[in-house]
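Student: Provided herewith is a single structure, encoded as structure tokens, for subsequent inquiry.
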Amino acid sequence: MTKALDGVRILDFTHVQSGPTCTQLLAWFGADVIKVERPGTGDITRGQLQDIPKVDSLYFTMLNHNKRSITLDTKNPKGKEVLTALIRSCDVLVENFGPGVLDRMGFTWDKIQEINPRMIVASIKGFGPGPYEDCKVYENVAQCTGGAASTTGFRDGPPLVTGAQIGDSGTGLHLALGIVTALYQRHHTGRGQRVTAAMQDGVLNLSRVKLRDQQRLAHGPLKEYSQFGEGIPFGDAVPRAGNDSGGGQPGRILKCKGWETDPNAYIYFIAQAPVWEKICDVIGETGWKTHPDYATPPARLKHLNDIFARIEQWTMTKTKFEAMDILNRDDIPCGPILSMKELAEDASLRATGTIVEVDHPTRGKYLSVGNPIKLSDSPTHVERSPLLGEHTDEILRDVLGFNDHQVAEIHDSGALAPPRKQAAE
């Protein structure tokens, strides 16, 4: 069966997490992703957070499935020739270098267009044009500058970053969509274009409901926030709201049976208006159905702390799974707080390919996330990440069409090996 992106070739100059997230998704959809790495060291994450000495780390392997690796010294004249040939042979170049790095390598947008007018150049940067465009950005910096951290946490505590990688992986997913869109447009125009995704922009896009609330503040308090029911005035910016739901339906994380010893014995509970009477029945507060303080959604907003305290009295008598079973029968929205251990052992996630077991030649078997997007006519088979330079000769021969003599010349030039250190005179 053919894959959705069969025939698309990606020149992957990305490293760490944001860019590799993008190119891995494209590889899962069938693109031929050629990862260009520095000879001798490769992507820095190969050696970061290693759990097994002298093998590629999980940090690297889980972001680089289904790719081929070529090592190339792009400062070497022969290396530049190979890179030029790769640009000529590929459809998309993806990079997440610091600002200006590609230009300093001698491959400006104009130069790339001269080599291959159909080339799409896709870039991840920390910021878009503006006062911070030259600043270095990592995951947590993106969360802090994109509005996520200022609105995450509790009102009386400091800003918090989320455990989800919305800055790195989130921006990588945004860029992948931009690349596919540019490929579609190229089908009609025949021309390549530049695609850029800034991490600050990506985080702000994912935090859009907070920008919504910022504008609502001009017209009065945010009544679904706990702060309103507590009688605490709002300031001029969206506050941190703990675990309050951001969708207009009051929600909280509540303790379940065993919370004293299990840090994840909790459930998220949404007091949705259409099932309010069922909630009252479940927790044994049938009088709330008609009580003026609880009968309508507007009336309940001033009493959310009391309401959820009472619901929590009930959830604490059940395990999170028992509570979920009972609540789901009445269509009451809820979800258990699942640990990474529970997710790793979830048979249904294995069955759908959301979590997969991968066999690697040096580190053995490990678990990874699979493709979260399922296409009925383009199923994803997760293949292990490449060893450093594993496909160098294969790419030189099969992609670029170099003969044995040319390949030997490239090897002899030092373009595929770590640069030699000059001895001090």
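Glycine is treated like the rest: Cβ placed from N, Cα and C.
So Swiss-Prot has the following annotated:
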type     : residues                                    : note
BINDING  : 17-18, ARG38, 72-75, 96-98, ARG104, 136-139 : CoA binding site
ACT_SITE : ASP168                                      : active site, nucleophile
BINDING  : GLY247, GLY248, GLN249                      : substrate binding site
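Structural setting of the listed features?
Tutor: In the three-state DSSP assignment, the secondary structure recorded for ARG104 (CoA binding site) is helix. Neighbour count (other Cβ atoms within 10 Å of the Cβ, all protein chains): 10 for ARG104 (CoA binding site).
Summarising the environment of ASP168 (active site, nucleophile), the number of other Cβ atoms within 10 Å of its Cβ, over all protein chains shown, is 26. ASP168 (active site, nucleophile) falls within a helix when secondary structure is assigned with DSSP.
Counting every protein chain shown, the number of other Cβ atoms lying within 10 Å of the Cβ of GLY248 (substrate binding site) is 12.
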Student: Which of the binding-site residues GLN17, ARG38, ASP73, LYS75 has its Cα closest in space to the Cα of GLY248 (substrate binding site)?
Tutor: GLN17
Student: Take the mean position of the Cβ atoms of GLY247, GLY248, GLN249, the recorded substrate site. Which other residues of that chain put their Cβ within 8 Å of it?
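Tutor: In sequence order, the nearby non-listed residues are GLU224, SER245, GLY246, PRO250, GLY251, ILE270, GLN272.
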Student: Consider the recorded positions ASP168, GLY247, GLN249 and say which one has the Cα lying nearest the Cα of LYS75 (CoA binding site).
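Tutor: Ranked by Cα distance from LYS75 (CoA binding site), first place goes to ASP168.
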Student: Of the recorded positions ASP168, GLY247, GLN249, which one has its Cα closest to the Cα of VAL137 (CoA binding site)?
Tutor: ASP168
Student: Could you state the CA-to-CA distance between ARG104 (CoA binding site) and ASP168 (active site, nucleophile) to the nearest Å?
Tutor: 24
